[in-house]
Each structure stands twice: as C-alpha cells, then as structure tokens.
Amino acid sequence: MIVIDGSIGEGGGQILRTTLALAALLGKPVRIVNIRAKRPRPGLQRQHLTSVKAVAELASARVEGLELGSTTLVFIPRGLRSGRFYFNIGTAGSITLVLQALLPVTAFAPGPVEVEIVGGTDVPWSPPIDYVRFVLRKLLAMFGFEFEIIVKRRGHYPRGGGRVVLRVTQPPHVLKPVKLEERGKVLRVEGLSHAVRLPRHVAERQARSAEAVLRSKLPGVPISIDLEWYEPSRDPHLGPGSGVVVWAVAEHSVLGSDSLGAKGKPAEAVGREAAEKLLEDLATGTALDRHASDMLIPYAALACGESILGGARLTMHAWTNIEVVKMLVPGAEMEFIEGGKLNEKFKLRVKGICYKPSS
C-alpha cells in the first residue's frame, strides 16, 4: 500500500483530491496520513468527505477513516463504475473541489456517468462553477475529454443549496497529449457577472468595472460580459451572493479569472479584481492561467504522449500535484523546460503513460 503524506506542499485538500483520483484509476490502494495538516482545522471537512464518498462510489472502493476531522484515510479501489449518482455536501462546501476529484475518474468510466452534487457553487478558496464551465471544460476538451456542466441553482457561503449536474455521455477512455505553451493572440474576452438575492445593479456594477479595466489594457479586443440576475419573487436561490468570472479566448487556449462578492466589498472591487488577475496572467504570454496549470497536470500524466503545459504562475497547488503524480504515476516523466520556481511562470514537459482502463 502506498503511503501519501498529506502535509507535503500546500498541505491541504489538493493532495487528497489528486491522490483519490489517481489511486481510483490506477487501482492502487493508498493510505493518506496527516490530512490537511497545514490548515487551521486539520482533517477531513464535509466537502472532503463528499469527495472521498464520490470517488469511492465510482471506484467501488473500500474506505477506512471516513469521518469528520479524520487525519488518516485508507482507500482501496476495486474497479470503475458508471451510472447515475447523487451527493449532498450538506453545507456550502465547494462543489467544484468535489468535481476536481471526480472528473479524471469519469473520463475513464466504463459507460455514461451523471452526477448531481448539492453544495456551494461560488464559495471562497475554490474555483467558481463558471470557471469550470467556461475555462476548464474547454481545456479538457483539448485532451479529448468532453462533458456537460448544468447549473440548476447557485449556492453561496454560508447557506449553500447549489445544485450542479455533471454529465459525461461518452467517456474517452484515453487522453490525447496537449501542447499548451503560448496563448497566441487574444481574440476576445467574455464573462459572466451574477448576483442572487441582491439588487440587479450589483451584477451590473461588477460587469462594468471588469469591462472598464479590461478595455483600458486590451484596446481593440471585443469584450462581452453577460449578466445573471433574478426577480426577487422568482429567485430560487438561498443567497445572497455575487461574483464574476472573465475569460480570454486566445488563438491556442482559454485563460480565466474570477472574484467573489462579500459583505462590505464594493461591486466595483469585485469586477476590478477579476479583470486585474486575468491581465496579470495574460501578460506572461503563457497558455494557462495560474489555476488551470495545476489542474491539468494529472491529465497530462495519464495522456498518450508528450504534453507541454505553459503556466502563468507555479502555484503551491501545481507543485503539490507534481509531487503526488511522481508518487502514484512513476511512469510519467516530468521536467521543467522553463522556470520551476514558485510564483513564477513556467513550462512543464510531461510524458504521459497512455493510461487505459484495462491497463
């Protein structure tokens, strides 16, 4: 049994999610210790419990240590399954972080998969659901992995109540390598500004602010930010909550950024923050924003051939994913061909193992 130290790197939930996904696919029993050792509340929280339950269901896994606050987990996968599944985090815990653990597994499921998850769609310390819909989904399509994300209802901290459906109609069973080095010319910028259980002007001000910052730095580039808002009598959300996601469609890639509303935070600051983060990442010229560059590493390790990932910033999450891949997928070869220092832009060459479910 492989032992993974959950305190390495960022020492949070990322190690758990990547370990679960890779162990499920490769059929490797793992024991994860020191789970979330570097967090104020160590051990498994509700969102992590749901991640474990979800991957365990799809991998027919036997699990030990599945309880709130547990710092040790044993995960023994016994074969991938397809079908329809339902998971309720029970709080405003992040749906997108559960998806982060689940998505790689669904790419290799024996048949169609549909998963409904209840929790938070737009919550702190995790990618918003619109980032997954409009950025990550497009990047994973380049690996040959296509799926649908249906947002039935948004959920914000602290009440949650969001409902998202993941639908994988045709799991690819094999991933293509990608060359995502430079982004190329920025063709257009799109976005979505939402506000639920709040006045319409919140969504409008977020969008206007983001658009103004982007126009000042990207002259001549078409910019379009849509609004999502609901009449109070027809608003199905628990709310209140708001946020904006913006993404640049470039010749060779898509890069995204986001910002969440918060009590006391002006809507203008929300829009400005999202736009400035996107501009920072675009300024590097790389194909991937600071978030996507860590999320794609496990996929590249499983792909058939050599991928190159050019990231705007080497985050601790990316470094952590590299270390977990080294432990669980030793056949994957990884080397920095540019950069390699934290918080600097980088290019990573990944020679994947051409994983197939029967292998």
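Yeah, the Cβs are placed from backbone N, Cα and C, and that goes for glycine too.
Sequence-distant neighbours of H317 (active site, tele-AMP-histidine intermediate) (same chain, 6+ apart, CB under 8 A from its CB) are G9, E10, Q14, D294. As annotated by Swiss-Prot, active site, tele-AMP-histidine intermediate applies to H317, with the evidence given as sequence analysis.
The ATP binding site annotation in Swiss-Prot covers Q100, H291, A292, S293, D294 and is backed by sequence analysis.
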Checklist line | Where H291 (ATP binding site) sits in the secondary structure, as DSSP reduces it to three classes | finding: coil
Note to self: If you count other CB atoms within 10 A of each CB, which of Q100, A292 wins among these binding-site residues?
What the structure shows: A292
